[in-house]
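J.: Following this message is one structure expressed as structure tokens.
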């Protein structure tokens, strides 16, 4: 079995009295598109900078394909970084920027020229090789930064929020291109972002981070459908979080009582005991609104508002006990049901859609 | 677009501006005009002539001035070069060195020569040189000039470096450049305009210095300012005006050069 691309063992980072990372351990597999996702200040960029070698670890160890790299300076680590602000050298043209790493690695001039040519073709900037960075658009600079970091054939490519400076349309295009590039080159990508949509759309696996700790690691669908805790459920996508108390437990199925007295059956990924308090998480698109009581289980409530969003409409419903729910339904399905503002409605929950989470 | 708080609306703005400009520049203009005076007298106009410029290069005092000019230029080039190297190293240490104990003290130490009255530095330097038995002459002038040029070279270099994001150096290191290649191929070219500005400023300061030089030059060694002073002591002759005008033009040219070099790529991060 081959060693993981990157292995983190009990990594800790303190800045003075502030702990940026506490006891982080996980493996990133070879050839994986791995994303570190979290709000600003969660430690994801610090972790990336530690892998690149720009920050020292306070405790713990980092392994690259089985070799401990802790004592190597950044220029001795076979990883390259795409910086958030690109950091293209302003006094060098595109070709010299891309060839810089190769020059430092003492490749021959002919090899550098061939590799640079290949890289500018890869990022579709063939006719821009002699432009200066200041003469390029943001998207083009981004591609140069990518080509420059990939030219020396790094074992792992680190990407620090590389798309955050681009406008929405370009960002969406680049997502697809990045994913394709990763698949074609087979290089392990470690991608840092605070944008959950970016993370969900590109990653093989995601580590959700908060306050210097990893909250959950999993595939995009695992993270979205089976969030490990309240933070992950709330941070990834939209969700309804309702305070609940466990009533009875049947293996992974848990019956919970809400503040208004209704009972909901939810799935739990951790053992729970009757009397325990926690949260029920239900995604808005797993709820259906009807004007009359449906045949299955439902919760009665009052419709407070509706916001038209094109493909969907988002409804706000108040349940007994002053609980608020957000419901999102596709407009093609709701056309037949006229719902009255302020009127009584019934909310039904899709099978296996509710999750019980502890804090 | 004029704002409501445009300073031009303040009463007396025009008069004060004119007064300031007059006081600052009238003497210079008088010297420049009278350097073209054909008369032997320095106060009565005798028609336009370049005779005093010719006198500077060929007249009785020309040998003295040529030697002094050579001393001044060679000392200025060497002092500015050494000061620029030291100032560049200091700037990198101060700005990229992170937080360290005594950082404010270090900055104070670097910029002290600007704030201490020059006469104090001059006397102290003289006492120091005699205390250690350092022979006064060209070398003592050079050493003193290097020291007081450092802060003048440091300021533009440090200002430039402050505006350069650390990510360029990180990117270079990430791309397998060690410390020296990172400086040589990335940081120095980006800092370049600041380094040139610092060098030129130090050069002008050295070229122009009188007080310290006069104290420590020793017997027989003259720089241009001390030579001019020596000459003026025996009465102001029109050739001094011509010489002063030449120095003024040379200084203005260098300062202008320094300004434009500093301005070219003044903001490396917006052009990146």
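Just so you know, glycine gets a Cβ as well, placed from its N, Cα and C.
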J.: Choose the correct range: of B:38-57, B:138-157, which one does TrEMBL annotate as transmembrane segment? Give that range.
T.: B:138-157
J.: Of the ranges B:185-205, B:206-226, which one does TrEMBL list as transmembrane segment?
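T.: Checked against TrEMBL: transmembrane segment maps to B:185-205.
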J.: For the feature transmembrane segment as recorded in TrEMBL, pick the matching range from B:107-132, B:159-184.
T.: B:107-132
J.: So, taking each listed stretch (B:73-95, B:185-205, B:240-261) in turn and counting its Cβ pairs to the transmembrane segment (B:138-157) that are under 8 angstroms, which one gives the highest count?
T.: B:73-95
